[in-house]
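Peer 1: Attaching a single structure in structure tokens format; questions to follow.
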Amino acid sequence: MTDMAADNDEVNDDQEDRRLSASEDQTPRSFCLQSFVNLYGDEPHLSRFDHVKHYAKKHCGSVTFLCCLNIFLDKIPLLYCLKKYNIRKNLFGDIIAGITVAIMHIPQGMAYGVLTTLPPIYGLYVSFFPVIIYMIFGTCPHLSIGTFAVISLMIAQAIEGVVPSSMDMINNTTIVSNESNSLLNNEKVQVATTLALLVGLVQLLLSFLRLGFLTVYLTEPFISGFTSGAAVHVFTSQIPSLFGVKSPSRIEGAFKLPKFYIKLIRLLFYKINWISTAIGIVSIIILFFSKYFNERYKSKIRIVLPCELILVIIGTVLSHFVRLDSKYDISVVGEIKRGLPSPVFPSLNSIDKLIVPAITIAAVSLSISISMAKMFSRKHGYKVSSNQELLAYGMANVISSFFKCYPSAGSLSRSVVQEGSGGKTLLIGGFSSIVLGSVIIALTPLFRSLPMTCLAAIIIVNLKGLFYQMKDFIFYFHISVLECLLWTITFTSVVLFDVDIGLYVGICTSFIINTIRTQKPRFVTLGQVEHTGIYKNVVYFPSAHQYSKIKVLRFDESLYACNVPFFKRKFYELIDIHLEHSPIISCREDTHKHADKFNYKYVILECSTFNFIDTVGVKLLIEIFNDLKRRGIVLYLSECR
């Protein structure tokens with residue numbers, strides 16, 4: 001019975017072979033392809049020169065003065081906002097949101113200004129000038145531009161890489177302490193403004209070359225791991241101010257944080273200021289619970305309680321009347337300049353030392369800001385252009401650098417408040433700047449007695465959102481092991497080494513992971529769903545019909561140099577052809593007995609997933625086609641793009 005069944009299978013296979021061969025002979029491939037193109041083809045094949053000619057004619061054929069003017073005006077989204085502005089619908093919400101965010105800008109600007117190792121007033125400048133420029137060129141009304149903790153830390157590291165030579169110069173002179181501090185601060189400000197100019201130029205260059213799409217390579221796991229690791233550095237930098245001790249210096253190289261904490265613990269044993277510690281801890285507790293109640297009852301209150309500004313006012317008044325600086329040796333902010341700075345061209349002395357930090361800061365700031373802008377655009381249904389955002393960030397940094405500002409970026413905490421306060425248009429930035437400008441012009445000297453421990457408390461509490469990102473590790477672990485690995489490597493390298501090294505390691509890891517994903521994609525066998533023309537993966541659809549002499553395959557990725565070796569090996573495996581050499585001494589009697597017998601006569605490669613194919617991929621297909629032809633197997637390509 002078994003022999004009779006085998007004979008029947010062979011007869012059926014022979015009949016199917018004759019039927020397939022007959023149909024192949026009756027319908028030449030060239031005729032089928034040409035008739036299909038004639039019936040359904042859209043455009044004739046054009047040469048590269050004809051494509052360029054057609055593009056130039058389409059886009060430049062009717063260039064007029066009005067067209068050029070509209071192209072220029074398109075780069076200023078504020079004009080569209082003013083043209084369509086509904087005063088009755090939007091004005092009140094924009095004013096409330098502007099005032100609310102301005103109140104947040106004041107303490108955060110001062111705190112993050114100190115974080116950059118500059119006087120607090122420069123943080124207020126960054127909260128004023130870039131906001132105005134972004135209001136003119138930006139596209140996201142809910143994004144709050146200004147100071148940001150991670151960027152401030154990176155700016156501080158860039159300044160420290162340039163200024164030590166200036167510190168040595170100061171120490172070798174005989175000028176008094178106040179003058180030396182003033183000279184040192186001026187040197188730092190020059191470096192910071194030069195850095196802002198370079199960051200802005202990098203962003204403008206990316207916008208001009210329309211390279212906004214590059215931000216997609218800075219993936220969410222990378223950004224989450226990087227900002228979480230940087231938050232650890234920011235938190236560490238504020239601990240000395242919180243406990244009233246000087247920050248340990250001369251810590252370089254790998255494992256900076258462990259070395260820092262070892263020195264810090266020794267300092268705390270002998271020099272801790274208990275009054276400063278008490279003020280800082282009480283400030284953290286008050287801020288934490290007030291922010292918690294703000295978030296919980298924001299739908300009922302509608303107006304966010306300005307807890308940070310209240311803390312600054314209380315701390316300043318208490319310090320002034322109790323004289324905390326003279327009686328208890330608590331560090332205070334000190335004299336703050338009144339008024340807006342006059343425009344000055346940034347110094348170009350340290351450009352060679354700042355190019356790499358500028359590129360790094362530009363990449364981090366634009367990736368964080370654009371990701372937040374797109375998040376709000378998806379939520380509220382408006383369009384955000386990556387290239388226009390790059391133009392806005394670049395213009396904000398370049399123009400602000402003439403007014404003694406360091407690089408700016410979007411802040412998640414302020415942006416969430418700006419969105420929740422009812423603002424709907426770009427004019428939020430204008431109302432915020434009016435309030436902040438009034439404070440800079442008239443009220444800044446009042447903050448001279450503010451304890452530094454209060455600013456440290458503000459920074460630490462505002463890191464809460466970045467620390468909460470650490471739970472993303474569990475989420476990425478459940479979704480993708482590779483994304484979890486990217487988050488872990490980025491976070492660990494930032495914490496154990498440094499922010500800039502962690503950035504480079506994370507970017508390299510991201511590219512490697514993306515390459516690995518395309519190196520070994522799915523390569524599946526397709527079968528025909530019964531009574532339809534639909535072909536599905538036979539692993540997920542076991543009932544899909546497969547023909548005995550025909551193998552239908554699909555490679556779920558573009559074919560290029562990185563995945564060519566995998567494609568070739570897997571292709572031959574799926575059609576039951578083994579490319580290994582036969583052993584010199586055969587282990588089994590029938591190892592390669594049927595080496596020349598092939599199960600399939602036709603192989604169809606479904607190419608709809610090929611978005612592109614490079615020269616290596618083309619050569620591989622030609623090689624496989626010729627090899628199968630020698631074996632008596634015909635290769636067909638279907639759904640070619």
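Each residue, glycine too, has its Cβ placed from N, Cα and C.
What TrEMBL lists as region 'Disordered' is 1-26. Positions annotated as compositional bias 'Acidic residues' by TrEMBL: 1-15. Feature annotation from TrEMBL assigns transmembrane segment to 91-111, 131-159, 195-218, 268-289, 301-322, 354-373, 425-443, 449-467, 474-495, 501-517. What TrEMBL lists as domain 'STAS' is 540-641.
Please go over these features one by one and say how buried each is and what sits next to it.
Peer 2: Within the chain carrying the transmembrane segment (131-159), a Cβ under 8 angstroms from the stretch's Cβ atoms is held by residues 75-78, 81, 101, 105, 108-109, 112-113, 115-118, 123, 188, 191-192, 195, 226-227, 230-231, 233-234, 237, 354, 357-358, 360-361, 364-365, 368-369, 372-373, 376-377, 380, 382-385, 388-389, 391-393, 395-396, 399-400, 406-411, 414-415, 417-419, 423-430, 432-433, 436, 459, 462-463, 466, 498-500, all 6 or more beyond its ends.
Only residues 6 or more beyond the boundaries of the transmembrane segment (195-218), in the same chain, are considered here, and those with a CB under 8 A from a CB of the stretch are 155, 158-159, 346, 351, 354-355, 357-359, 361-363, 365-367, 370-371, 385-391, 393-401, 405-408, 507, 510-511, 514.
Panel annotation: around the transmembrane segment (268-289), residues 241-246, 307-308, 311, 315, 324, 328-331, 451, 453-454, 456-458, 460-461, 464 of the same chain, lying at least six beyond its termini, place a Cβ under 8 Å from a Cβ of the stretch.
Sequence-distant neighbours of the transmembrane segment (301-322) (same chain, 6+ residues past either end, Cβ-Cβ under 8 Å): 96, 100, 103-104, 106-108, 110, 279, 283, 286-287, 290-291, 293-294, 330, 332, 417, 420-422, 446-447, 449-451, 454, 457-458.
Non-local neighbours of the transmembrane segment (425-443) in the same chain are 77-78, 81, 85, 90, 94-95, 97-99, 101-103, 105-106, 109, 121, 124-125, 127-128, 131-132, 134-135, 138, 141, 145, 338-340, 418; each lies 6+ residues outside the stretch with a CB under 8 Å from one of its CB atoms.
DSSP states for the domain 'STAS' (540-641), grouped as helix (H, G, I), strand (E, B) and coil, give 30 helix, 19 strand, 53 coil.
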Peer 1: What average pLDDT is reported by the model for the domain 'STAS' (540-641)?
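Peer 2: Mean pLDDT for the domain 'STAS' (540-641): 82.
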Peer 1: For the transmembrane segment (91-111) against the transmembrane segment (449-467), do we get 3 or more Cβ-Cβ pairs below 8 Å once near-sequence pairs (under 6 apart) are dropped?
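Peer 2: In contact, yes.
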